[in-house]
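J.: Before we start, here is the structure in question, set down as structure tokens.
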Amino acid sequence: MKKRFIFITGGVVSSLGKGITTAALAAVLEARNLNVTIIKLDPYINIDPGTISPEQHGEVFVTEDGAETDLDLGHYERFIRTKMTRKNNFTTGSIYSEVLNKERKGEYLGATIQIIPHITNTIKKRIISCAHNVDIVFVEVGGTVGDIESLPFLEAIRQIAIDIGRENTIYIHLTLVPYISITKEIKTKPTQHSVKELLSIGIQPDILICRSQYTIPIQARSKIALFCNVLKESVISLINVDSIYKIPKLLNLQKVDQIICHHFKLKVPPADLSEWDEVIYNELNTNNVVTIGIIGKYIKSPDAYKSVIEALKHGGIKNKTVVKIKLINSEKIEKNGTNRLNCLHGILIPGGFGHRGITGKLITVEYARINNVPFFGICLGMQIALIEFFRNVIGLKDANSTEFSQNCQHPIISLIPKGNRNLPNINNNVKKKLGGTMRLGNQTCYLKQDSISHKLYGKNIISERHRHRYEVNNKFINKIEKYGLKITGKSKKNKLVEIIELSNHLWFIACQFHPEFTSTPRDGHPLFIDFIKAAIQYKKIKQK
């Protein structure tokens, strides 16, 4: 199969939405019956984002095969049907690590190791390895053109055009075209300088996607085309929109997919964007509004809970409901009480690590349980729900997790037992390092047939993604059924608790896995869809 690559770079400033633009463009080409995939190149020195603070870098997106990756891979999976793997995201750190390991083993036969060719060849090899059985590979280069960290990646993608032919590569450059409100002018100079910087590296962009507050007029586009040496029709205006799911249509209307297919000489049908039209229709034609509270400790950066936020919106789309999301600091609940929870129609506690903010989360679970507020616990959220239940319902006041109190009398939650660590991606050497030491990726879960979860999924066996190193201590689970808390999902051979449900409650479900990673705007996810449905019901009850 012929190898074709589209390389996407960014200029002027960061945070232009390069990942979303890449994903949306891939979605349009997928809608033309093309098989596409996307790679993200991250220029930081970390091996992966697994140990980076969510407040700095946003969430860690977990793939089916257990890779801890950049949050942009979440955007990719939400826009296209292709599932990402560990091959779809790599960092400068992982490249250097691979090269240095080979050098230590003597695989370079005594050669002096250099950026060119050793680092760039390793980058090229990884990129090209993703081109099997796909029509087009999109490659998003992280960072901004001009950053020193991105130079090896840019050099590698420059060389790929030489290796496989310019006719099999397209370079797309995403830039900012600012609007100056005082003079009421759109300024093209930053884009010109950004392209000049890219040209100095040896890359001539074929398409310019210009991010702007307003539609860029034809005159300004013609000027950009002239000074940046691109065709006028290849200067694309991408304005700010109220929904990212409108972007595929915006790109299609400006015939970006047609330009790409013409360059690659691909004879494919027009893009069928009917599924995206349905998503937008459901977003615009809503019947309800609900407010969902996400209770966490990384609320300064909404990107820390990106997939959860998007999954809640998907649940809203499927219920034709506007979902308003409040990010609430659990530490403030601990200090100031539960008043700020009174306006919520549903409460969600997402995954997390460490003891900070735990007391506020325990207070929140108790509030939701007592007041019949729909509650959804994910990963740590399930563990918190169990600790609260053991303390306040069963009466084990010292119930805790060994993550928060190593010597607690009743360790309801503890490290995954050694006997269960023969699962994929588990590293037994937890104390010596943090990176790559968790139960990661897709794991099988067996559902109890008379449960809500079984009804929602419509099957006996499911597979969901995990990211945790602590689990429910099986020594204590026999006590909970008689108090009304049901274990409705377990891992293979009943080793680990995966889902719990509270009886006699409007909606109280918690799971050890991360369902947000598999939710999409076109399909949603059964747990999130039903959670929003319960929030709508709770709002109606509350209004009576």
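Backbone N, Cα and C atoms are what each Cβ position is placed from, and that goes for glycine too.
Quantities reported herein were computed from a predicted structural model and do not represent experimental measurements.
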J.: Given that Swiss-Prot annotates S15, L16, G17, K18, G19, I20 as binding ATP, state which candidate in D72, D135, D147, D163 belongs to that site as well.
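T.: Within the candidate list, Swiss-Prot flags D72.
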J.: Have a look through G346, G352, G441 and flag the one Swiss-Prot assigns to the L-glutamine site that L380, G381, M382, Q383, E403, R469 belong to.
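T.: Looking through G346, G352, G441, the residue Swiss-Prot assigns to the L-glutamine site is G352.
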J.: For the CTP site that Swiss-Prot describes with D147, I148, E149, K187, T188, K189, P190, T191, Q192, K223, which of these is also annotated: S14, S401, S405?
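T.: Swiss-Prot lists D147, I148, E149, K187, T188, K189, P190, T191, Q192, K223 binding CTP, and from S14, S401, S405 it also lists S14.
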J.: Which of the three DSSP-derived classes (helix, strand, coil) applies to E140 (Mg(2+) binding site)?
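T.: SS state of E140 (Mg(2+) binding site) = strand.
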J.: Using only the Cα atoms of S14, K187, T188, K189, P190, T191, Q192, K223, which the record gives as binding UTP, return the largest interatomic distance in Å, rounded to a whole number.
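T.: Output for UTP binders S14, K187, T188, K189, P190, T191, Q192, K223: max Cα distance 23 Å.
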J.: If you measure every Cα to Cα pair among G352, L380, G381, M382, Q383, E403, R469, the residues listed for L-glutamine, what is the largest value in Å?
T.: 14
J.: So among S14, D72, I148, P190, T191, all listed as binding-site residues, which is physically nearest to H514 (active site)? Use the C-alpha atoms.
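T.: The answer is D72.
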J.: Within 8 Å of the centroid of the Cβ atoms of G352, L380, G381, M382, Q383, E403, R469, which other residues of that chain place their own Cβ, given that this set defines the recorded L-glutamine site?
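T.: So the extra residues in range turn out to be G351, F353, C379, I384, S401, I413, H468, Y470.
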